[in-house]
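Got a structure for you, written out below as structure tokens; questions coming shortly.
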Amino acid sequence: MQLDSKIPDGPLSEKWDRHRFELKLVNPASKRKFKVIVVGTGLAGASASATLAELGYEVMTFCIQDSPRRAHSIAAQGGINAAKNYQNDGDSIWRLFYDTIKGGDFRSREANVYRLAQISNNIIDQCVAQGVPFAREYGGQLANRSFGGAQVSRTFYARGQTGQQLLLGAYGALSRQIAAGKVSLFTRRDMLDLVVIDGKARGIVARNLVSGELEKYAADAVVLATGGYGNVFFLSTNSMGSNISAAFASYRKGASFANPCFVQIHPTCIPVHGTYQSKLTLMSESLRNDGRVWVPRSPEDKRPPDQIPETERDYYLEERYPRFGNLVPRDVASRNAKVQCDMGKGVGDTRLAVYLDLADAIERDGRDVIARKYGNLFEMYKKITAQDPYETPMMIYPAVHYTMGGLWVDYNLMSTIPGLFVLGEANFSDHGANRLGASALMQGLADGYFIIPYTIGDYLAQDSHDTVREDHSAFNESSLQVETRIKKLLSIGGKRTVDDFHRELGHILWENCGMTRKEKDLKKAKKLVADLRVEFWENVLVGGSGQEFNQSLEKAGRVADFLQFGELMVIDALERKESCGCHFNEDFQTDEHEALRDDENFCHVSAWEYRGEGSKPKLHKESLEFENVELTQRSYK
Amino acid sequence: MQWDLNWFICTLRSSIGKKLIMALTGLGFCIFLIAHLAGNLTICAGEDAFNSYSERLHALGPLIILTEIGLLFFAVAHVFIGAYLFYENFRARPEGYLVKKNAGGRTIGSVTMPYTGLFILLFIVIHLVDFHFVEKTDQTIYQIVLETFSNPGYAFFYIVSMIIVAIHVSHGFWSAFQTLGVSNSEYMSVFRVVSIIISLAVGFGFGILPIYISFIS
Amino acid sequence: MTKARDKSCINLKLKVWRQKGPDARGRFETYKARDVSTDMSFLEMLDVVNEEIILSGKDPIAFDHDCREGICGACGTMVNGRAHGPEKGTTLCQLHMRHFSPGDTVVIEPWRSRAFKVIKDLVVDRIAFEKIIQAGGYISVNTGGAPDGNAVSVPQEVAEKAMDAAECIGCGACVAACPNASAMLFVGAKISQFTLLPQGLPEAKKRALAMVGKMDQLGFGNCANETECEKECPKEISIENIARMNREFLKAGLL
């Protein structure tokens, strides 16, 4: 298999325009003859569904929730970047491009990232037209704030619920197309397999989560927008339903999986407080704009925060990184929190937390201003911890948040299976080894509104398709396989619950393949995960039947996939013998404990090809060419 | 904008349209109540004042008949649409809750609306029989009032009825403005306060009459 | 059982509505929730109870949930007669067990409304909300061709008011809490958001008529201004939005 990224020729700033011109078009009258399946209704999926339907394609959209509006994009808090330069502070498409490439530690494609920066401006315009109530200045102009990793104010926001508002905008556009009859919506459906016929993606098998029935859907192309795999760690900021099953089923069918070890650990989450805990809650990174991160200077200092005088506080980010201070990129902020806690300077009952203090900002701007910016975050924090952030500094600790890795896609967002397109967090494309704050929303919407509508046309226009119907033998085979697996899961009748296995898997990965990694630990983890997977298939207890609404069965299938995927993640981490962005291998660091890249040997995307159960996946390398930026050691000092 | 009869009917038949009719008729009754109360209070100025108020009112002739027909029409609309809304609301939740607590929004007025309404309907019928359709040829209205209220049972019934009217108005008045959509966050509290004031005025103003009369007789 | 004696752990009795499927007859069943840490969220408490139920070979309690941070709107049940439980402005996933006392009996019921059919146990079908949004809960713009974001100024207080309405998470607590199972707060919030913003004005009339018409068709009850919805709304959306909807609808339908 040869990875062809299909990056167009020409100067960076002209690539996308030129490419759009070169893409083949589908005659408007022919569009309605093409069926497209979109799986997932987050920002990428909803925007893609709506836009493809507007163009005239016949779209079938699937989501696991009872409503498309509940996809996890809804939980994004902070904002969305765009190179509008409304603040006149020197921002430009080039600067957004450069920040994103550098923030990703030079492990993403120049052309993709540049296109993302170009499109960012259209996204804001589109969302405003849809009625997204972005924050405004007194004069009625759009307001901006700055965000981690950037020295300009380019983040647009709607209180602390930007993801919600953007998703509701896309959901509105989707709902409009459903009403127009151009999109058929299938809610509470779990995609369990991808159907590949003659080497092309031609449909899916999905389980109706209410009736338990397996359903088959055929189409001319399949678009996956199923989000990331952060839940492989059990505890993450992802929603409970977020899973990798659709992407992993596609991987098993031949779609390569790129950079699975690139997992972003978000620095500002509410710390873990018990074994029963089901998920971690993120406090928007925007808090770092006004908040100061600190721990006591001395590990012995167990006083409450208000009794620790200024001189005995260690504002470690401000001291180590005077230029960026509290606004260093997420990976740097996270790792430094871990370092402080490892030195015993952590705070709170578990000693696995640092303070995020807004007292200075409250004093400077007044309580009202701070409440307007962060009121809902403060309320959320108070609800969970029963502490009032207006009175006492918040406690935060890093948590798994976003996965840069995902299915490999070319410049057209098509995977290694022709006809299978992957959007948003589910693909690997734009964030390299680390994503900057407020860039996930940007990418999801760029993919869905402004990229897939053109590139899918190119595929459909040039490929001659036979009509495939749901009674094709490949659908039956696929459905049978899925059914066999469900029966197997139900028949084991072991002694441990699905959650129990999931929790253990998460623990193994967090300890050994989390914020920092070591070859020794990774090797250990690989074995532990493999053993756990064996035990799972012998000792899991699911309960109920397949012919009904069965949430335990849903989870079981997802955890089974996570158990397989977890190993792939560890294999990828072992293979990448360097540190870059979020992948911090302790064996590769600078004297100042920063990630030490090895551009000579690892300036590539690692794309893994499935080779059957039990065999080691095959590594393909797509080397990354940098013609426009100089590869530098990231420094935020 | 084009005025479309079809739309007009559709609008009135919608949930908000039905509420609109309830609001407008209800506000009509509020105006009536205030006028009625002002008239009744002339009793405090003595027998002659009260009788002359009554005479002058009836001297309005066709106007008073028109008003009566209007009120009857309002009453029919208010009662029937109210009953229909009650039925629809009942149907909207076929299976109830084992436990249901007030979250702090409901008031005694809002909870009892359909029941106080039904009671008021009964009261109006009795009230009309006693004072409106009564034989007035050989006694003045003042005498009728005095005589009727001299029955302590009736006086008690009347006072209770007025308290119930007050309760109904306490929710109905501000609610009408909310339904009409003239309410916003600033006005809403004003309407709610005015609602309480009017309900107190109605309850107290009417309810005090039997007591006053028992004093003077 | 040393944990149970700990001040931060409590024992509860749960009375939970169990119903196999949409057409099955439901009933209440009683469960014991032992050693519940007061730091747990309500759903984590249910997780723990479910683990025990699964291990005892029985069918766990089905309930909708997803983000567990109060924004997706998936979760929600009646807890002791209150939608999303007793705390103000809180979704069920954000309700913590510290608000309960040792030995409490907790009655857990699904949202009840003719428009929300029970799918299983505490899971209800809120497809009616989808239909209302599909009737007109959007601004009709195709992708591409939007003017610059700053082309139309929106006064800050207007944007803030629109945002107040737009915060709705579509959980259905307003319907569940309303004595008449009315959906007016949900519909009012959406209509308000688009009526307030200049971008939404061209369709204001059509939107108000279509969305209210659809709402009426789906079997929700009528608003009696009892304001329970506002009190139970996890996003504390004001009934001012219902007044605005009424105004918009009447303007559209009569003028």
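Every residue gets a Cβ built from N, Cα and C, even glycine.
Feature list, courtesy of TrEMBL:
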- B:20-43: transmembrane segment (TRANSMEM)
- B:63-87: transmembrane segment (TRANSMEM)
- B:108-129: transmembrane segment (TRANSMEM)
- B:155-177: transmembrane segment (TRANSMEM)
- B:189-213: transmembrane segment (TRANSMEM)
At a C-beta cut-off of under 8 Å, are there same-chain residues at least 6 beyond the transmembrane segment (B:108-129) that contact it? List them, or none.
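Here the qualifying positions are 75, 79, 82, 86, 157, 161, 164-165, 167-172, 175, 199.
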Counting Cβ pairs closer than 8 Å, which of B:20-43, B:63-87, B:189-213 has the most of them with the transmembrane segment (B:155-177)?
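Ranked by Cβ pairs under 8 Å, first place goes to B:189-213.
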Near the transmembrane segment (B:20-43), which residues from the same chain, at least 6 beyond its ends, have a CB less than 8 A from one of its CBs?
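Here the qualifying positions are 12, 49-50, 53-54, 57, 70-71, 74-75, 77-78, 81-82, 85, 142, 145, 165, 169, 172-173, 175-177, 179-180, 198, 201-202, 205-206, 209, 212-213.
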Do any residues, 6 or more residues outside the transmembrane segment (B:63-87), come within under 8 Å Cβ-to-Cβ of it, and if so which ones?
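Cβ under 8 Å, 6 or more out: 18-19, 21-22, 25-26, 28-29, 32, 57, 114, 117, 121, 124.
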